[in-house]
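Asker: Submitted below is the structure of interest, expressed as structure tokens.
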Amino acid sequence: MSETWQLSCICPGVCPAVLVPLRGPGPHGPYLRPLDILAEVVPSDGATSGIRIVQVHGARGLQLSAAAPRTMSFPASRIFSRCDLFPEEFSIVVTLRVPSLPPKRNEYLLTVVAEESDLLLLGLRLSPAQLHFLFLREDTAGAWQTRVSFRSPALVDGRWHTLVLAVSAGVFSLTTDCSLPVDIMADVPFPATLSVKGARFFVGSRRRAKGLFTGLVRQLVLLPGSDATPRLCPSRNAPLAVLSIPRVLQALTGKPEDNEVLKYPYETNIRVTLGPQPPCTEVEDAQFWFDASRKGLYLCVGNEWVSVLAAKERLDYVEEHQNLSTNSETLGIEVFRIPQVGLFVATANRKATSAVYKWTEEKFISYQNIPTHQAQAWRHFTIGKKIFLAVANFEPDEKGQEFSVIYKWSHRKLKFTPYQSIATHSARDWEAFEVDGEHFLAVANHREGDNHNIDSVIYKWNPATRLFEANQTIATSGAYDWEFFSVGPYSFLVVANTFNGTSTKVHSHLYIRLLGSFQLFQSFPTFGAADWEVFQIGERIFLAVANSHSYDVEMQVQNDSYVINSVIYELNVTAQAFVKFQDILTCSALDWEFFSVGEDYFLVVANSFDGRTFSVNSIIYRWQGYEGFVAVHSLPTVGCRDWEAFSTTAGAYLIYSSAKEPLSRVLRLRTR
């Protein structure tokens with residue numbers, strides 16, 4: 001073992017800190033190099049050791065459960081060469097994937113065990129709801145095992161996660177996927193003199209068969225003397241942030257370099273289905289379907305088949321596919337899928353009845369009518385296996401009461417049924433989102449009587465009552481739309497403010513979630529903002545606002561202008577703010593919709609009024625890199641209010657709603 005990987009020790013008052021061989025340059029001065037524990041136990045004869053390499057969600061990990069515990073171990077003296085005391089301050093970095101754990105089951109990720117006595121000196125143990133850090137504490141009264149437990153329900157979800165456990169001066173800190181750390185001030189600090197003389201490191205076990213780790217491990221690193229979090233975070237891919245991983249997990253195992261012979265069994269839990277389109281549910285997640293008729297390979301992602309291999313498609317032209325007659329003028333549309341049932345669109349209609357339509361034989365047909373009160377928008381969302389559809393009602397009901405309603409899908413009736421009514425004030429929009437496993441709904445309250453400066457409300461799902469309850473209020477001015485998005489570990493919510501009672505020239509605000517609530521992050525000057533659309537191209541993140549009207553009642557001559565710029569902003573990571581990227585001239589824009597065809601990206605705007613007529617063209621813009629978005633198609637629309645993009649195995653489509661006629665149109669995107 002080379003000197004680089006030997007731990008000379010930080011032993012207070014016992015061994016001098018002979019750490020020069022372990023130091024390297026860093027942005028804040030010298031640092032200790034990481035000790036790759038996982039690399040220490042990967043033997044050269046991997047084919048006979050029971051270790052398997054498995055690829056899931058694009059990343060490779062080691063499956064250790066078939067290996068003998070002794071095989072996955074090494075003597076502590078290998079890295080504690082000159083001093084047998086474990087560092088008092090250190091970090092353990094783990095990247096793992098755990099599909100599921102039975103109730104009350106405990107599995108060991110890492111242990112340090114005394115060879116003769118079988119005492120557990122130090123360990124990291126995972127249960128279905130908690131991560132436990134164990135260590136042996138000794139004093140004059142004797143020795144006992146101490147446990148520090150972190151709640152970690154989000155770890156057992158079949159996805160990759162990177163954890164940093166930092167131990168320092170009586171504080172135990174756990175950071176998951178570069179999110180905010182969870183700190184525990186323990187009554188019993190980690191011992192300053194924990195001897196590992198005569199001990200062994202075990203990876204994935206506690207020396208015995210019971211408690212073997214059955215998931216995948218990609219990274220297991222000990223960093224003595226410091227918190228590893230600044231070395232990993234922020235990261236563009238926080239669940240797979242890397243400090244040090246074994247070489248065998250870095251290279252493409254299917255393509256040996258320099259004629260190297262593969263020594264490790266390599267497998268991936270991938271299945272390819274042939275024939276007609278199969279269902280895409282949690283069971284088929286990350287599995288493939290090959291459509292021989294279209295020569296396309298599709299991947300099941302989030303209940304939707306996504307094309308991953310096909311002849312490169314380019315948008316050629318747009319053609320009318322279906323004229324969808326609606327109950328009345330349509331103010332908003334929502335396209336969604338119900339697993340094993342089909343594709344649907346919900347229309348928010350001006351009059352007393354809105355409707356849900358089902359895609360059948362390449363067109364939408366009427367499926368269910370739902371009573372509403374000048375509905376403005378629908379929002380589809382799921383909580384576990386529950387499927388919901390929330391409507392934003394603008395007007396009061398027959399009793400003069402203002403309620404928006406959440407409907408729940410009945411698997412028995414195959415219909416949406418009323419589930420919960422929530423008091424709202426001229427509601428314009430609902431936004432559903434999830435943060436750290438908790439579910440939320442935000443309503444855009446537009447006005448109360450003539451007062452546009454009122455609170456909009458964020459509701460939180462209570463698993464005990466199975467209802468949404470008010471969680472936070474945010475002051476808004478004629479709120480029209482909410483948009484939620486995440487950047488790395490951070491969650492954002494942006495509101496489109498339209499009117500403050502005297503002017504449409506009002507600021508719309510972006511909020512960031514910190515310490516359990518949304519706090520102001522950035523403000524944007526907007527003009528009757530009606531919609532926000534967030535989208536990503538490569539590593540670049542954009543926000544587009546639809547400005548509808550420039551009006552100020554205090555001006556002597558009213559500036560009644562509808563032909564104004566809508567704006568695209570881009571996230572500047574260095575400045576930690578969105579900065580203006582492009583102005584696009586629009587005609588009372590009410591909606592943006594982002595979509596892609598092949599390798600091309602597009603934005604379509606809902607132009608509704610130019611000051612003279614509602615018969616104005618809505619425009620499709622194509623992303624052209626340095627040029628930004630460039631107009632490529634002009635689509636005749638009448639009072640266009642909302643756009644939605646969707647796709648089926650037959651092709652890609654757009655649907656738009658009209659606020660001026662009882663007719664929505666489905667357009668097909670023809671490719672070449």
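Any Cβ shown, glycine's included, is placed from N, Cα and C.
Annotations in TrEMBL come from automatic prediction, not curation.
Since the structure is predicted, the reported quantities are computational estimates derived from the model, not experimental observations.
Take a look at what TrEMBL says about it:
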- 44-226: domain 'Thrombospondin-like N-terminal' (DOMAIN)
- 316-361: repeat 'EAR' (REPEAT)
- 363-411: repeat 'EAR' (REPEAT)
- 415-463: repeat 'EAR' (REPEAT)
- 467-509: repeat 'EAR' (REPEAT)
- 517-573: repeat 'EAR' (REPEAT)
- 577-625: repeat 'EAR' (REPEAT)
- 628-671: repeat 'EAR' (REPEAT)
Asker: For the repeat 'EAR' (628-671), what are the same-chain contacts with Cβ under 8 Å, counting residues 6+ beyond its ends?
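Answerer: For the repeat 'EAR' (628-671), the far contacts come to 277, 291, 294, 305, 313-335, 343, 345, 347-348, 350, 359, 362-364, 377, 568, 581-582, 584, 590-595, 597-598, 602-609, 614-622.
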Asker: Could you pull out which residues elsewhere in the chain have a CB under 8 Å from any CB of the repeat 'EAR' (467-509), counting only those six or more residues past its ends?
Answerer: 177-180, 233-236, 238, 406, 420, 422, 428-433, 435, 440-447, 450-461, 517-518, 520-534, 541, 543, 545-546, 548-554, 571
Asker: Tally of helix, strand and coil residues over the repeat 'EAR' (517-573) according to DSSP?
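Answerer: The repeat 'EAR' (517-573) comes out at 0 helix, 41 strand, 16 coil.
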